[in-house]
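Shown next, in structure tokens, is the structure this report addresses.
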There are 2 protein chains.
Amino acid sequence: MVPSSQGPHVNTVDVLLGDRSYPIEITSDAADRFAETIIDQLGDLSHVLLIADESVDQAWGRPLAEKLAESATDRPIRVSATTVASGEPSKSVAEFERLLAWVLSEGGDRRSVIVAVGGGVIGDLAGFVAASFARGVRFVQIPTTLLAMVDSSVGGKTGINLPAAKNMVGAFWQPSLVLIDTAVLATLDDRSYLSGLAEVIKYGVIDDAEFFGYLESHAGDLVARDPESLRHAIGKSCQSKANVVGDDERETSGRRAILNYGHTFAHAIESTAGYGTFLHGEAVAIGMQMAARMAIDTGMCDRALWERQTRLIQACGLPTTWADAQPDAMLPVMMRDKKVAHGKLRFILPTRIGSVEMVGDVDESAVRDAIVKLKK
Amino acid sequence: MVPSSQGPHVNTVDVLLGDRSYPIEITSDAADRFAETIIDQLGDLSHVLLIADESVDQAWGRPLAEKLAESATDRPIRVSATTVASGEPSKSVAEFERLLAWVLSEGGDRRSVIVAVGGGVIGDLAGFVAASFARGVRFVQIPTTLLAMVDSSVGGKTGINLPAAKNMVGAFWQPSLVLIDTAVLATLDDRSYLSGLAEVIKYGVIDDAEFFGYLESHAGDLVARDPESLRHAIGKSCQSKANVVGDDERETSGRRAILNYGHTFAHAIESTAGYGTFLHGEAVAIGMQMAARMAIDTGMCDRALWERQTRLIQACGLPTTWADAQPDAMLPVMMRDKKVAHGKLRFILPTRIGSVEMVGDVDESAVRDAIVKLKK
């Protein structure tokens, strides 16, 4: 991650997946160069289909569409653009079908490239459209939330929801390129922005003790959205996720499960609190606390980990407890979690900062205890 | 393809695609062993979701579902079953969504296995459901038409239609196992059955001169649906397709295009005659004649090829000409074909029996001439 000597600072993370490898380029205030980068990196670019979240379209979608259309190349690039309503309801079969019909009506073919501009919802939806149109076309991701930058931009998970379940339909489909400009984060409200830091902290706990130390000493800079600290933190987060995904692209070996640290609790928190009460990252922060609590109680790690994690989460303006937690409501949700194997609860628990283990066959009372202790 | 010394004759073709390799087992009157074979070949089988064409459900779907549910293993296999209406309209987004919701409501998870019983429509639809549910579950194909046996059972193309275009949405998703019983063909009406022979003849022309000779000497047996000849012809056809697909799994190198011999004409024939006038195989037979005609006229092959192909197609009870062909109507359809690159028509043309070449930049008048000459 060496800044280039000319032009803006660019931190690059290479996601290594054989012939599906791709780079993530992390910059600040350099989105006006994205059109150029896309043209440079993707050969044979004749038709771009830009799908933007309506909330970022004017500031980030349209300017990119215009730059792409204006680009002086031998053959002009045809640019089609559409927007999608913000929020989870857009990840529907109906919206999937609408976008596919739109790609077709715009003359899309197997050489077309889909560019997604937005957060996780847009990336998941547009990514599944890219995976499915003509049995797969190329796909560029421009994540505009911190959560999407450090989570969904790596790993190739795309998908939509069914009325009865989230993320049960989709494909593993890797992007050809991910472009990140930290300047886009300036427009996020505080709560949404800070929520993304929970996943950043997660990478420190599960994979990288040195990075955890960096976060401890730079929490103030990150809360203040300092560009240099953000580029470093986003780059390190993407690198940690890329290492895990590179070992287990299709989630078959179990390695990829470590990314779920705090998440079995978090899904139960989001579900029992009512979707919308907590942002995903807030629930993940509390969920990591519950998981660390279980790890202490079962003697897997020492109290120092718990204390450092608590302090860092607090320094990032995120919750560490949940006064209204109801174990009787949360446990049945956790038992229905798709990561439950043959009716046994499994958890990712820390052994020390930078290292976690999967623990199967966990006693229900230990889970209950951890939830109750986090009621404050 | 050596018959086993015990039990029924089984011809096996191994489709070699690295960690996505799978076997095709071709038998006669042995469908009562399919449950056993599925259990043997797929480890960790706890839940089967059987999706059958309604027209073959009673004879082939339900008996298999019952056998699977009855199978004496340590842990009983849970079997869910549903049917799909026969015909192309079932390849819709609506039916895709209905099946996904059904899989979810039946408690499907990433270890579930989808079994498709039917022709190409069911295989394409159920295969895309398998590719998309939980980002991909295992999939067994039991093709019940000759066309599905020799074409869609090899290659991993799955998909559905949009109102404005066929097969524009889908995934490459390889089955884990394909099971074929030639006895199922006994219930097909003559026209549907013979239609499948067009694709069989195609493999002889594009890939295998020896097999073409076999077809010349066994056309009568095949028309009479002789089990041994059928097993041989289906096995050889699957082997030819497997060789091509093994070189070009995702249709990127161009090699897979040779499978389209006769098909650019065929699609234009089907479209201008009105869907339903010709069965797909009938249009392919006429399309191969038009392609061979072009090859003769441009000096790419000698007249003997044309004569042998004409005689074989006739011996299989398929049409070799089309009195109502309208070049003015067919050409615009061919120009819209997704295999057209940058506005240039490309054709797969034979050089000799067993060998074809892709010819780009074809003169429109040569296409027109070939169509007119086939008006008889």
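The backbone N, Cα and C atoms fix where each Cβ goes, glycine too.
The domain '3-dehydroquinate synthase N-terminal' feature in TrEMBL is assigned to B:83-193. Annotation comment: TrEMBL describes B:86-91, B:120-124, B:144-145, B:K157, B:K166 as NAD(+) binding site. Feature annotation from TrEMBL assigns domain '3-dehydroquinate synthase C-terminal' to B:196-340. Look at TrEMBL and you will find B:E199, B:H263, B:H280 tagged as Zn(2+) binding site.
For B:E88 (NAD(+) binding site), other Cβ atoms within 10 Å of its Cβ number 13. If you take the Cα of B:D124 (NAD(+) binding site) and the Cα of B:H280 (Zn(2+) binding site), they are about 16 angstrom apart, rounded to a whole number. The residues near the Zn(2+) site, meaning same-chain residues not in B:E199, B:H263, B:H280 whose C-beta sits within 8 angstroms of the mean position of the site's C-beta atoms, are B:L147, B:D151, B:A198, B:K202, B:G262, B:A266, B:G281, B:A283, B:V284, B:G287, in sequence order. In three-state terms derived from DSSP, B:K166 (NAD(+) binding site) belongs to an extended strand segment.
Within the set of binding-site residues B:E199, B:H263, B:H280, the entry lying nearest in space to B:S90 (NAD(+) binding site) is B:H280 (CA atoms). Counting other CB atoms no more than 10 Å from each candidate's CB, the binding-site residues B:S86, B:S90, B:T145 peak at B:T145.
With respect to B:E88 (NAD(+) binding site), the closest of these binding-site residues in Cα terms is B:H280, chosen from B:E199, B:H263, B:H280. The two recorded residues B:K166 (NAD(+) binding site) and B:H263 (Zn(2+) binding site) have their Cα atoms spaced 14 Å from each other. Within the set of binding-site residues B:S86, B:G120, B:I122, B:T145, the entry lying nearest in space to B:H263 (Zn(2+) binding site) is B:G120 (CA atoms). Residue pair B:H280 (Zn(2+) binding site) / B:G120 (NAD(+) binding site) shows a Cα separation of 11 Å. Cα of B:I122 (NAD(+) binding site) to Cα of B:E199 (Zn(2+) binding site): a distance of 19 Å. Counting every protein chain shown, the number of other Cβ atoms lying within 10 Å of the Cβ of B:G120 (NAD(+) binding site) is 20. Sequence-distant neighbours of B:E199 (Zn(2+) binding site) (same chain, six or more apart, CB under 8 Å from its CB) are B:L147, B:V150, B:D151, B:S237, B:G281, B:V284, listed in sequence order.
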